[in-house]
Amino acid sequence: MLEGAELYFNADHGYLEGLVRGCKAGLLTQRDYSNLVQCETLEDLKIHLQTTDYGNFLANQTNPLTVSIIDTEMRKKLCREFEYFRNHSLEPLSTFFTYMTCSYMIDNVILLMNGALQKKSVKEILVKCHPLGRFTEMEAVNIAETPSDLFNAILVETPLAPFFQDCMSENTLDELNIEILRNKLYKSYIEAFYKFCKNHGDVTAEIMCPILEFEADRRAFIITLNSFGTELSKEDRETLYPTCGKLYPEGLRLLAQAEDFEQMKRVADHYGVYKPLFEAVGDGSGGKTLEDVFYEREVQMNVLAFNRQFHYGVFYAYTKLKEQEMRNVVWIAECISQRHRTKINSYIPIL
Amino acid sequence: MGSLFRSEEVVLVQLFLPTAAAYACVSQLGELGLVEFRDLNASVSAFQRRFVVDVRRCEELEKTFAFLQEEVRQAGLALPLPEGVLPAPLPRDLLRIQEETDRLAQELRDVRGNQQALRAQLHQLQLHSAVLGQGHGPPLAASHTDGPLERRPLLQSPGGPHQDLRVNFVAGAVEPHKAAALERLLWRACRGFLIASFREMQQQLEDPVTGEPATWMTFLISYWGEQIGRKIHKITDCFHCHVFPFVEQEEARRTALQQLQQQSLELQEVLGETERFLSQVLGRVQRLLPPWQVQIRKMKAVYLALNQCSVSTTHKCLIAEAWCATRDLPTLQQALQGSSSEAGVSAVVHRIPCRDMPPTLIRTNRFTASFQGIVDAYGVGRYQEVNPAPYTIITFPFLFAVMFGDVGHGLLMFLFALAMVLAENRPAVKTAQNEIWRTFFGGRYLLLLMGLFSVYTGFIYNECFSCATAVFPSGWSVAAMANQSGWSDAFLAQQPLLSLDPNVTGVFLGPYPFGIDPVWSLAVNHLSFLNSFKMKMSVILGVTHMTFGVVLGVFNHVHFGQWHRLLLETLPELVFLLGLFGYLVFLVAYKWLRVTAAGAASAPSILIHFINMFLFSSSPTNRPLFSGQEVVQPTLVVLALAMVPVLLLGTPLFLCREHRRCHSRRSPQPDKDTARLLDLPDTSLASQGSDEEKAGCPGDQAEAEFVLSEVFMHQAIHTIEFCLGCISNTASYLRLWALSLAHAQLSQVLWAMVLRAGLSLGGEMGVAAVVLVPVFAAFAVMTVAILLVMEGLSAFLHALRLHWVEFQNKFYSGTGYKLSPFTFAVEGE
């Protein structure tokens, strides 16, 4: 892209940017949350959501409300918005959107493969798949027995194909291998996405690169955390880390050697960005989990993305914020339906 | 005073509604539309209110209604508008409606489900027969002739060893857009251990759910081996293909086909029966739904209103607070008694005092509505302040007409508006949805008056499509001039221009009886004559209009009992305005009346006089207009300037003194302190004083909020605005001149360049007649498009501005809010 893309950004993407900013203004506010928290039943929750931008998205539900209905309907709504953006987008924004859907596609593929492994019916699992990551060949995933099978037969035409280059192996698909496959896919996906944003340059790179760097590092931390006490070797572990984050290369090498949470924390202490995050994590009984802390940081970065104009990051940020909002609503709804009100306030506020 | 002059008296009433009769009372109030409920539960969130359960029930019903409505719409039917009076249903009726609705919805769902199931079945049958009908013979045999199969020539003869292997078939149909992907996936997944043939179906099939026609693809896959078969089945499953059993023998296939066709015929019959029943059910829905929808909407509105009431401590009645016009109080009382009589306990209304500013209620009829709309667009009047609308009824069309003066154009506009007024009761006109049309239609009476006044000013300007009309004989005589000055034929031939001298006896016989003398339209100095006239006219109209505005302020002050403002604001304002610009008007009128043609050569210039008036000087070349002018002019200027400090300081100082007096009366204070308060208008002191007062008499909120600096600031702004405004607003009225000039010039251009050019073509009779048709068409179209619509809009806009800015800022604050009564009446009817 040439310098000064601001000049013609609006010609191609101005409408969508305006739209997404409008949508962002419709995110639930702190007041909405404090109202939602007070709800006694899911019906109350619904009434409250009706006064927000969700409108009567639950109006056509004749069956009694459950959390999963709320969740699916919210997802559907997000999906409608996203499809609208995507259908009206021009290159390179449409490629950007494709990259955004890839992560959901990876999740769906892995979910289906796991399901196939546990001999569950496809229909049962399809319900759980994220609508943003749907693609036609998705349901055929379970006919594959090895990753190369999977690649050659099914995914070769999907946007996921390029990410498969690194993870072709003749291993059978057992649970561990699927998890490794997921992480490898994710690694190459994040790196590709990062490269795309970097090459795009401009404000998009300035906004998206830090977000993706954070995402990469978060994955590295989470992989490390989850691999404690599993049979995953340290060398294997290192190959799973996305290499586009701030941790690369020193931090990743150290992380690969880490053996427990304390050591991991020591690695994070070398980085000004992650040190406060790890310090915020509460110990065992109370306080926040590492995941929540990461979510909070993510929300923060995504909100800040809206401070700049003329870049694609707003779309990414909006989708992520909306996802967070959905997680929050689902959390609150769960707390309400299970009458577990003590923890109802531990949603992640979107400022 | 009538209600149009100022908004009606509105009081806050408290309604005690016995619990048993509350619903009936509020529903009756909704029918009447008398009162505006105040929300007494603003702090309670929506789902914690008393009648939330009932509201929710109504919503449930509305949801079912939405379902029924959608079904009716899908069937391509329209819901008729409900007729007759439909009161809000009694709570016990709700149950009946709910039951019936549920039954209807259930019935509809059943029938619809049946129909859909049948359709799906039929669809399946049709697909099946299509599959069977298309794949004649095993594909291997056909592959030599079939086009699509030739893509894989390598596989056609898989070699000897496989000849004896059993070939299996999978036949089915797939949606067209998935066909290509399916084919590729099959190929990739099975590595060519199969042969697939895809074909489009001959006829389109309707989708059983959406009813959209689509051409499905049928396919026939032949394969070897069990594993491949399982894979193929999985893949076809994942693409949601319809797979049908495929018999190899052609004979068997044919009989199966026949059976299928037989079945589908039967099915179609059943389907037809179902659809007949469905249309019956839909007919019932069509009949029942609209009244229910209205009723339930009313019911919901009633419950929402009841949600705004608070509950009395004894739980025996609901207490509502509402704004109601004093005039409507008896009606309100009657209505409440009427609807609560059944319950035994009567609902009670009583007025309660209130500090809040009541809402503004001005009743309009269809004539005054558009004028009130013009005023309200600027701002809804403060409670009981003077309403500019009645004056606007005349001044607005008049100022518009000053800019739009042309008999022809005015007449066209008048006739257009008259047509709308005469047709206003026709239902087709009323229900027209076009937004532009509705705008014009809403302002039809405004247009009518605007047209009428334009005709009048058109006569004054003596212009009809830019041509002068000679209704009366002209006051000027060319013959007299020619005779007196002895113009010879040669002289007449040489001179392109001849001047008429009014001083020569017999040439100027006297003013034209009405408007501008038509002889001026022939004169070359027509424009400069009209300019002088229109400019002076604009100033006169402007000053009169503004003075009228200031005078209207008097009614406000009198009504609100602010007598001091009469003396300290209105009087200085009037003196300032009239002393400077009123005097200018006087000069203009005086010169018109006193300076005759005889003295024209030495006529004094008003402009120079007016400038000199401010400079306190006089120019020797400019004759005074009247004796004593040297004394009058400086006196007026000094008087006007002296009014500025009065205006600036009068009200604040008066308020300050009032405040201090009331203050000292309540809590006597040392004199020294109050004296200092007056000497030093210091904010801190003032606020300190007010703080003390707040402590002393906490009830009197309005007094307590008195802050001297704020009052000063407000008055300073007002003074500056008024004094500078007098000058700029007077200049602003010159737009009357400018726009009327522009209109006259434009219409003249159109006349001279288009129609007259066409008329003066001459030539033979036939040619001129043929040419005149397009020329007149162009003239007519341009007259309507440019002169009527465009110029009309611009003149309208300027008239609007003159009213909003120049006129209304003299007296109108427009900071009120409208009374929006709780009513069932639908907006816009």
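Each residue, glycine too, has its Cβ placed from N, Cα and C.
Annotations in TrEMBL come from automatic prediction, not curation.
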Where TrEMBL places transmembrane segment among the ranges B:179-198, B:539-558: B:539-558
Contact call for the transmembrane segment (B:398-423) and the transmembrane segment (B:570-590): at least 3 Cβ pairs under 8 Å, seq gap 6+: no
Top Cβ-contact partner of the transmembrane segment (B:444-461) among B:507-527, B:539-558, B:570-590, B:636-656 (pairs under 8 Å): B:507-527
Which of B:507-527, B:570-590, B:597-616, B:736-754, B:766-790 contacts the transmembrane segment (B:636-656) most, counting Cβ pairs under 8 Å: B:570-590
Cβ-Cβ under 8 Å with the transmembrane segment (B:507-527): same-chain residues at least 6 beyond its ends: 459-462, 467-472, 474-477, 480-481, 484, 497, 500-501, 533, 597
